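All remarks here apply to the structure that follows.
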Amino acid sequence: MASGSGTKNLDFRRKWDKDEYEKLAEKRLTEEREKKDGKPVQPVKRELLRHRDYKVDLESKLGKTIVITKTTPQSEMGGYYCNVCDCVVKDSINFLDHINGKKHQRNLGMSMRVERSTLDQVKKRFEVNKKKMEEKQKDYDFEERMKELREEEEKAKAYKKEKQKEKKRRAEEDLTFEEDDEMAAVMGFSGFGSTKKSY
């Protein structure tokens, strides 16, 4: 049919940016020359490792269906996308391993070394945690006790209701049993020749 008429460029292959890779190669060559010449290469100063101040989002895409085509950007494809390292990880455990790993931390500009805490910092942290625990315990004790009392009351009510229902059921069974015996005696069916006495 119309093989050349009105078609757009449907080439989905990745195009390499030659200029960018040329610059990287030149940079690597200059570093190698400096090593050979005996000049020490300046080590990159990295920050000490610090904790995250945000929550890692693992559940926003959970249960959603996404249509993926060849033109879909990598960040929207299946799995967890790391925008710092520009990579996709397929499951949450590997994603957590990745964001806690060396490569990711290096791309963030941090080393894997942790700042050494001083004695004062440790004491302050203990005080803060102790205050939190005391506040939590006070709230927890009162709320928990009230909850337990309510549950005990509900159980006692349910137990009483069950006993009353059983009492009623037994009384009804006794009445129907006695009526059946009387009816059988009137009709002449009492006992059917058994020697066992009914009480």
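Numbers here mean position along the shown chain, with the first residue as 1.
Just so you know, glycine gets a Cβ as well, placed from its N, Cα and C.
What Swiss-Prot lists as compositional bias 'Basic and acidic residues' is 150-173. Among the features that Swiss-Prot reports, SUMO2 cross-link is placed at Lys8, Lys36, Lys39, Lys45, Lys55, Lys61, Lys64, Lys70, Lys102, Lys123, with the record citing a large-scale study or a structure entry. As annotated by Swiss-Prot, N-acetylalanine applies to Ala2. The region 'Disordered' annotation in Swiss-Prot covers 27-46, 150-175. Positions annotated as zinc finger by Swiss-Prot: 80-104.
Taking Lys61, Lys64, Lys102 as the recorded sites under consideration, the smallest Cα distance to Lys36 (SUMO2 cross-link) is found for Lys102. The DSSP secondary structure for Lys55 (SUMO2 cross-link) is coil. Figure note: comparing Cβ neighbours within 10 Å for the recorded sites Lys36, Lys61, Lys102, the maximum is reached by Lys61.
Between the candidate recorded sites, Lys55, Lys64, Lys123, the densest Cβ environment within 10 Å is the one around Lys123. Residue counts for the region 'Disordered' (150-175) under DSSP, helix first, then strand, then coil, are 26 helix, 0 strand, 0 coil. The number of other Cβ atoms within 10 Å of the Cβ belonging to Lys70 (SUMO2 cross-link), over all protein chains shown, comes to 7. Around the Cβ of Lys45 (SUMO2 cross-link), the number of neighbouring Cβ atoms within 10 Å comes to 7.
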